[in-house]
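Notes follow once the structure below has been shown.
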Amino acid sequence: MLRVAINGFGRIGRSVLRALYESGKRDQIEIVAVNELSQPEGMAHLLQYDSTHGRFLHKVTHDQEYLYIDLPNGSQDRIRIVHQADISLLPWQSLQVDLVLDCTGVYGSKADGERHIDAGAKKVLFSHPGSADLDNTIIYGVNHDTLLPEHRVVSNGSCTTNCIIPVIKAIDDAFGIESGTITTIHSAMNDQPVIDAYHTDLRRTRAASQSIIPVDTKLHKGIERIFPKFSNKFEAISVRVPTVNVTAMDLSVTINTNVKVNDINQTIVNASQCTLHNIVDYTEAPLVSIDFNHDPHSAIVDGSQTRVSNGHLVKMLVWCDNEWGFANRMLDTALVMKK
């Protein structure tokens, strides 16, 4: 059993805990503690009731020291609540923590990870790309086999790299990619205000529900980190749209091989049934973004939107639940780190 602590109980932290119980991995992973500065009442309430993912199937109660999750057999899981702002003072040693899932979005350097380790954890997995000095960055399904026992401070990438990189790999393996561009159409996030308010990014001073808002993205750097051969070959832009969850990615690539739409789509179908099973899914149904809410795949390719121009320019539409899919990959990567 892998003993895991969650640092940061926001959108991703809570999704990871819920996904553990819904994915059938609870017999392999035990959440022993959650570090969160908010009060236990709010932690329990937001775990039980979620505006995006609905009500948690298990009853959640709490006291000042623990969250309690009721199980179907009548027993309870007990999760220690910690309120510690200084990660170097976290009680990971006494709790015998094997792995910290750092879901704060605040920490992400090798030094940050080592502070968790100095506090008693054996390994750390960050929920965002982090700095370039980390031991490894894992996109599960693509390069998780590169994890080594000595890799102690690791990144799980981002929701968008987990979405697009498996698709890029499938197309590149089959046809050879020369270059590409990506537009991320991302749901609103909690760094955007409900009504206009101050922000260092002037576009993000504007009300999230009123506009389509361009934001900076380093997605191309994330691609290069996994595929160094694509250095200076990909560019990306991103916009935030007034929805609460699910992201669409518009991928355009120039490929070496002369192809037709069916060649591209069949490649994705084959990958979804083999090398990228449970990571990439494929559909041609006339679906919209909300239909992919709570989907555990990293990416869902909408084959009805695939286009090919002049045999070499390929455009694809790829969906993901940027919360739930990523949370499930955090758990997958955690189990690989256990080995």
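Heads up, the Cβ atoms here are built off N, Cα and C, so glycines get one too.
As given in Swiss-Prot:
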| type | residues | note |
| --- | --- | --- |
| BINDING | Arg11, Ile12, Asn322 | NAD(+) binding site |
| BINDING | Ser158, Cys159, Thr160, Arg204, Thr217, Lys218, Arg240 | substrate binding site |
| ACT_SITE | Cys159 | active site, nucleophile |
| SITE | His186 | site 'Activates thiol group during catalysis' |
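Taking the features listed in Swiss-Prot, we show where each one sits on the structure.
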{"residue": "Arg11", "record": "NAD(+) binding site", "contacts (Cβ under 8 Å, 6+ apart)": "Asn190, Glu323"}
{"residue": "Ile12", "record": "NAD(+) binding site", "contacts (Cβ under 8 Å, 6+ apart)": "Cys103, Gly105, Ser127, Glu323, Phe326, Ala327, Met330"}
{"residue": "Ser158", "record": "substrate binding site", "contacts (Cβ under 8 Å, 6+ apart)": "His128, Pro129, Leu219, Gly222, Phe326"}
{"residue": "Cys159", "record": "substrate binding site", "contacts (Cβ under 8 Å, 6+ apart)": "Thr247, Cys320, Asn322, Glu323, Gly325, Phe326"}
{"residue": "Thr160", "record": "substrate binding site", "contacts (Cβ under 8 Å, 6+ apart)": "Thr184, His186, Thr217, Leu219, Gly222, Ser238, Thr247, Met249, Cys320, Asn322"}
{"residue": "Arg204", "record": "substrate binding site", "contacts (Cβ under 8 Å, 6+ apart)": "Asp191, Gln192, Pro193, Ile213, Val215"}
{"residue": "Lys218", "record": "substrate binding site", "contacts (Cβ under 8 Å, 6+ apart)": "Pro129"}
{"residue": "Arg240", "record": "substrate binding site", "contacts (Cβ under 8 Å, 6+ apart)": "His186, Ser187, Ala188, Met189, Gln192, Ala208, Ile212, Ile213, Pro214, Val215"}
Among Thr217, Asn322, the most crowded of the binding-site residues [Cβ within 10 Å]:
Asn322
Three-state secondary structure, which DSSP defines for Ile12 (NAD(+) binding site):
helix
Measuring Cα to Cα across Ser158, Cys159, Thr160, Arg204, Thr217, Lys218, Arg240, which the record gives as the substrate binders, how far apart are the two most distant ones in Å?
20
Where Lys218 (substrate binding site) sits in the secondary structure, as DSSP reduces it to three classes:
coil
